Amino acid sequence: MESYTPAIREPSKVKIRGNMTVYSASLPGSGPLLTFILNVLDGYDLKPSITKSREETVLALHRIIETFKFAYANRMHLEDSYSEEVLELVDLLESKDYADQTRPKIDDKKTHDPDYYGVNVNVQEDHGTAHMSIIGTNGDAVSVTSTINHYFGSQVMSPSTGILLNNEMDDFSSPNITNFFGVPPTGKNQIRPGRRPFSSMVPAIVVDGNRNVRLVVGGNGGTQITTSVAQVIIRNLWLDENIKQAIDAPRFHHQLLPNLIEHEVNFPEDILSDLKNKGHELKKLGDNMLGIIMAVATDENGRISANSDYRKGGEVDGF
């Protein structure tokens, strides 16, 4: 621990309409996937009026879900290697051209089997994660996510330091080990000396054209983090919902494998029925909830609003 030095790298970033820029964690974080999702969806001009029409709402949700599926297909090819191949993919994910190439592949009338999106393996889950979003009195912003992977990590505490040890090795894709779903591991994200496993964490900061902080957001919830953060950004920045509305709204998740939409119990049944008619399989999560988001937002007058997700114990505080 004494000899450990953190790697300081350029963040993933994407410019979206409204002259705003979204910054998020670069590899091994999922920032490149978040930028890809926002790049693709920015081309659909999502706006508040879609919520007033059932047909427009279903179409928007379908496009978001399909974008998630393409994002998680690309996730299989990312790792903490910074090889030429991986860096080229990151550049693609952050480019407008790649988003423009992806959008025509989204069929507004139906969904597809996983191989259509270019992947045939599964993703790992991680659960022992916490997030804080902060705006300081001087306007500085911090979005930080920490994790020990599963609940209580390895469930082993060091007797000398009292530190609970993580089980982050489980986030690697291990050769010749079939995962829980009976699917072989991906060829990327392999265990290597000095390498960190790929992570779903996407702490993000959004600034406007004057470099003023507009939104600080992040969360926990394993592979659900990326899709949950994306939904809150969409609702707050594009659908004009306040930060509480954006976080409290019923959420859904699709990670391509398994090929189904996981949704919270309070998701509107008529919308779910229409999504099913487009070919989507559905899974209601019962008492389980999707992702835990903590966010701080500001308006054009500099007024600060914050919300701690009701889905897990947490609070908003001021200093």
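Any Cβ shown, glycine's included, is placed from N, Cα and C.
According to TrEMBL, the feature active site, nucleophile maps to THR129. Under the three-state DSSP scheme, THR129 (active site, nucleophile) falls in the strand class. Long-range Cβ proximity for THR129 (active site, nucleophile), meaning a same-chain Cβ under 8 A and a gap of 6 or more residues, is found for THR145, SER146, THR147, ILE148, ASN149, MET201, ASN220, GLY221, GLY222, ILE225.
Annotated L-glutamate binding site per TrEMBL: THR147, ILE148, ASN149, ASP171, SER199, SER200, GLY222, in sequence order.
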Cβ neighbour count (within 10 Å, all chains shown) around ASP171 (L-glutamate binding site): 22
Max CA-CA distance, Å, over listed L-glutamate-binding residues THR147, ILE148, ASN149, ASP171, SER199, SER200, GLY222: 13
Number of other Cβ atoms within 10 Å of the Cβ of THR147 (L-glutamate binding site) across all protein chains: 21
